[in-house]
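**Q** Got a structure for you, questions after.
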There are 2 protein chains.
Amino acid sequence: MKLLKQKILNEGKVLSDTVLKVDSFLNHQVDPQLMLNIGETFTNLFSSEGITKILTLESSGIAPSTMAGLKLRVPVIFARKRKSLTLVDDLYSANIYSFTKKETNEISVSKDYISSNDTVLIIDDFLANGQAALGLLDIVEQAGASLAGFGIVIEKGFQNGGNLLRERGIRVESLANIASLSNGKVTFK
Amino acid sequence: MKLLKQKILNEGKVLSDTVLKVDSFLNHQVDPQLMLNIGETFTNLFSSEGITKILTLESSGIAPSTMAGLKLRVPVIFARKRKSLTLVDDLYSANIYSFTKKETNEISVSKDYISSNDTVLIIDDFLANGQAALGLLDIVEQAGASLAGFGIVIEKGFQNGGNLLRERGIRVESLANIASLSNGKVTFK
């Protein structure tokens, strides 16, 4: 997705060989028009899959997922990283380790919102080592739902998450796939 | 906003005299078309205010804010509840106490994204006792930005947050204002 790659080149900050900061349009400040374009692109890629629900993870997955949900005309569920007082139903849950934040979070989804009748598209802002992706996949499997695939805004193609998913035969569509962040420079695959 | 009130009546769960659960369309599962309608309504209400930025709080404020940002053609900033490894800039921060979760969170916004040149619309999913609202207001004031007002999806009009803001002369637009949750029943003002 050319517009996204241009935005990454113009505004992304390479903090190390593994960390790309895109706080100006995705992870802290959000560019709503770009999110709409991302949602439309996911919709074009997955429109024939019979998707009934989008599953994402709070917080940075919510904006692109909501735009994709608008275009695909399906609800979006954001997995919660902590149980809240009002989330008291039966839950699907999975543990994910964040290498960025160096902590394990339990993510949860109410059983009310995904069932074995659903075909789920998982959307997330980043795919790196795949820990969050595997947690979301675990939840889809617990629900007995079908998986249409993963829609990823930015894949760090030099880390192993994409391989972990594709080796299982899962469809992964990344709108920008980064080959390297070496020498402070973003190189796409 | 009639559509929102109908959705609250149809799908909201009254858990106590103070807790309304709207996990089926706002706080866990999100209805993207409703979010678009909410964004359009905020846009109509605030279109003459010269808004340059929308400020919200992760996670449930992100979907309605992104739709409002799409329609107002301005960026959305979501305040972070915890500092992340990649959020290393100078920060505006404020402490907010959540009566729902019974904990204090520090919320932070990078100084890169709000300045004294901005006119900010604050959007949030709920306004109850006003703790989150005052925290977001504090951040706008630290930035020296102008405040256009608050766009609230659901106000608990029987709690004090709305008064706290309106007494200061702040414009608060709530799309659904709840007078009472007594006897398991939602009554609007």
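Glycine residues also receive a Cβ, built from the backbone N, Cα and C atoms like all the rest.
TrEMBL labels come from automatic prediction, so no person has curated them.
Pulled these from TrEMBL:
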- A:L20, A:N27, A:K156: xanthine binding site (BINDING)
- A:A128, A:N129, A:G130, A:Q131, A:A132: 5-phospho-alpha-D-ribose 1-diphosphate binding site (BINDING)
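Can you tell me where each of these features sits in this structure?
**A** For A:N27 (xanthine binding site), the count of additional Cβ atoms within 10 Å of its Cβ stands at 22 [all protein chains shown]. When secondary structure is read from DSSP and collapsed to three states, A:N27 (xanthine binding site) falls in the coil class.
A:G130 (5-phospho-alpha-D-ribose 1-diphosphate binding site) is surrounded by 21 other CB atoms, counting those within 10 A of its CB over all protein chains shown.
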**Q** Among all the protein chains here, how many other CB atoms are within 10 A of the CB of A:A132 (5-phospho-alpha-D-ribose 1-diphosphate binding site)?
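**A** For A:A132 (5-phospho-alpha-D-ribose 1-diphosphate binding site), the 10 Å Cβ neighbour count is 26.
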**Q** Cβ under 8 Å from chain B: which of the binding-site residues A:N27, A:G130, A:A132 qualify?
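**A** Listed in sequence order, the binding-site residues near chain B are A:N27.
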**Q** Near A:A132 (5-phospho-alpha-D-ribose 1-diphosphate binding site), which binding-site residues out of A:L20, A:N27, A:K156 have their CA within 10 Å?
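**A** Hits: none.
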**Q** Which chain-mates of A:N129 (5-phospho-alpha-D-ribose 1-diphosphate binding site) that are at least 6 residues away have a CB under 8 A from its CB, listed by sequence?
**A** A:F99, A:Q159, A:N160, A:G161
**Q** Cα-Cα separation of A:G130 (5-phospho-alpha-D-ribose 1-diphosphate binding site) and A:N27 (xanthine binding site), in Å?
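**A** One finds 18 Å between the Cα atoms of these residues.
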**Q** Let me know how many other Cβ atoms fall within 10 Å of the Cβ of A:Q131 (5-phospho-alpha-D-ribose 1-diphosphate binding site).
**A** 20
**Q** Quick one: which of these binding-site residues, A:L20, A:N27, A:K156, have their CA within 10 A of A:A128 (5-phospho-alpha-D-ribose 1-diphosphate binding site)?
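**A** The binding-site residues passing the 10 Å Cα test are A:K156.
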